[in-house]
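Structure incoming, see below.
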Amino acid sequence: IIQSFFVISYNFLDVVVDRYDIPKVCPREVQTEDFVRYHFNGTFHADGKKFDSSHDRGKAFISQVGLGRLITGMDRGLQGMCVNERRRVTVPPHLAYGSVGTGGVIPPDAVLVFDVLLLDIWSTEDKVQIRTLVKPPSCKRKAAASDYVRYHYNGTLLSGAAFDSSYSRNTTYDTYLGQGYLIKGMDEGLLGMCVGERRLIIVPPFLAYGENGSGTKIPPQATLVFEVLMIDVFNPKDDLIVEVKKVPKGCTRRTVIGDYIRYHYNGTFQDGTAFDSSYERNSTYNTYIGMGYVIQGMDKALQGLCIGEKRRIIVPPHMAYGEDGVGDLIPSSAVLVFDIHVIDFHNPKDLVQIKVTHKPQECNMTSEADDLIQYRYNCSMMDGTLLDHYDSPSITTLGENKVIPGLEKGLLGMCVGERREAVVPPHWGHGENGAGEVPGSAVLFFELELVDLQKGVPEGFMFVWLGDGPDELFPAMDLNSNKEVPLEEFSAFIMLQVKEGKGRLRPGLDADSTIKDMFNKQDRNRDGKIIEDEVKPKVDEESETRRDEL
């Protein structure tokens with residue numbers, strides 16, 4: 001359109017049109033049989049006096065063009081007009097009210113001037129117009145009738161005047177599709193939308209609020225324009241959707257109801273907006289499976305998982321937080337998407353799992369309680385995170401509670417040179433509280449190698465006989481037969497028993513110190529020597545003597 005002023009001539013009939021304000025974009029022009037809604041000021045050409053004004057009435061004028069419902073001059077003067085265009089239409093009397101005038105308002109032979117602002121155009125043949133503004137790269141599901149949708153929108157009239165916005169309320173519009181909860185045009189315009197898709201939906205008045213309009217912001221017979229962003233789509237019949245992203249090789253056990261699981265997750269809505277993440281807290285989420293401690297959908301999705309497995313879980317709202325949502329964190333009726341990574345799981349009834357990876361050909365002696373052992377180990381979590389690694393051997397006495405119960409269990413019954421793997425559940429490890437770098441409720445994986453083994457003595461003893469001791473103890477101790485045994489002679493006697501394999505000192509302690517302690521307990525009168533009477537136990541001291549003396 002390049003003219004801003006022109007004269008339309010129809011066989012001696014002249015309408016003067018001054019297009020003094022034309023919008024840059026004009027997707028549609030008024031044609032015969034179109035309906036229009038416009039504001040106007042009507043004045044007399046002769047003196048500029050106003051005779052009518054839709055602005056003064058506060059209500060736009062609505063009519064159909066080209067079918068005689070308007071004066072002929074206006075029927076012609078509105079042709080080709082665009083929404084938001086302003087025109088000045090000058091109508092001669094024979095195209096207005098002629099030589100008669102009307103109602104005492106318009107005198108005979110009056111030339112009329114109409115200053116017009118076009119607000120709306122529509123036709124009975126119009127359909128809902130849909131223009132896709134943004135399409136997501138992938139779309140696994142499109143909105144269909146009976147689905148429940150959550151979307152944001154800006155609503156304007158065809159003139160651009162805003163009448164509503166979900167953004168201004170900071171909440172999505174949530175509703176069922178195809179159930180009559182929306183205007184017909186919106187029900188139609190939302191069909192086929194993907195989450196993340198943006199559309200422009202133009203709804204003609206008869207598929208919107210029609211002759212009645214709505215409230216004060218949507219006038220009668222208004223075309224409505226919605227810019228929509230689809231946030232969520234689901235159906236009340238939807239079940240959980242599970243997408244397996246990674247399954248580790250060699251998975252021999254999967255989660256079941258009653259197991260306790262530790263996992264990391266990122267939680268988002270369907271449009272990708274994050275609402276929570278265990279990674280950000282640097283702490284796994286820990287819970288029992290199938291016992292109602294988490295939302296229904298997650299309880300179900302956590303079953304059948306392997307350690308190290310990664311899954312994407314899409315949870316419909318009726319299996320999540322439903323219509324209530326969670327405060328400002330999760331809105332009402334939100335579909336939740338969880339990307340989870342299983343760190344470990346166990347059952348409270350689990351025992352320590354031991355696997356022998358190397359057994360020496362000769363195995364004459366195995367570790368047991370009270371033995372002093374040297375061992376190497378690597379300790380990691382089940383996801384491979386290394387916690388402890390030692391090249392030099394560690395030393396412990398089995399049965400003295402110097403290591404966690406699960407590790408001690410794994411070290412029992414080993415030969416020197418044997419290697420094992422031990423899986424230790426938390427109730428055999430560091431429990432719910434963890435320790436140091438070990439998180440609470442963590443399952444631990446040990447790689448063990450027994451380096452050295454010294455057979456021990458029962459707790460509370462410093463020396464034990466390997467078999468029967470001498471029938472007469474004091475004569476055996478009295479090596480020079482002088483009826484007294486000083487420390488040097490006592491020490492020589494004990495070391496002889498050890499050398500000949502008849503007795504054993506407590507391992508891991510200094511032999512001289514241990515023998516001196518034994519001597520001091522026998523030397524009751526503290527005179528530096530043991531005599532025969534001191535070796536004979538007293539009845540009331542018998543229990544203690546059996547533990548602390550020979």
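Counting starts with 1 at the first residue shown.
Note: Cβ is positioned from N, Cα and C throughout, glycine not excepted.
Those TrEMBL annotations? Automatic predictions, nothing curated.
Pulled these from TrEMBL:
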type	residues	note
DOMAIN	33-122	domain 'PPIase FKBP-type'
DOMAIN	146-234	domain 'PPIase FKBP-type'
DOMAIN	258-346	domain 'PPIase FKBP-type'
DOMAIN	370-454	domain 'PPIase FKBP-type'
DOMAIN	510-545	domain 'EF-hand'
REGION	522-550	region 'Disordered'
Counting by DSSP, what is the helix, strand and coil composition of the domain 'PPIase FKBP-type' (370-454)?
10 helix, 37 strand, 38 coil
Name the range, of those listed as 33-122, 146-234, 258-346, that has the largest tally of Cβ pairs under 8 Å with the domain 'PPIase FKBP-type' (370-454).
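Looking only at 33-122, 146-234, 258-346, the most contacts with the domain 'PPIase FKBP-type' (370-454) come from 258-346.
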What are the DSSP helix, strand and coil residue counts for the domain 'PPIase FKBP-type' (146-234)?
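Split by secondary structure, the domain 'PPIase FKBP-type' (146-234) comes out as 16 helix, 37 strand, 36 coil.
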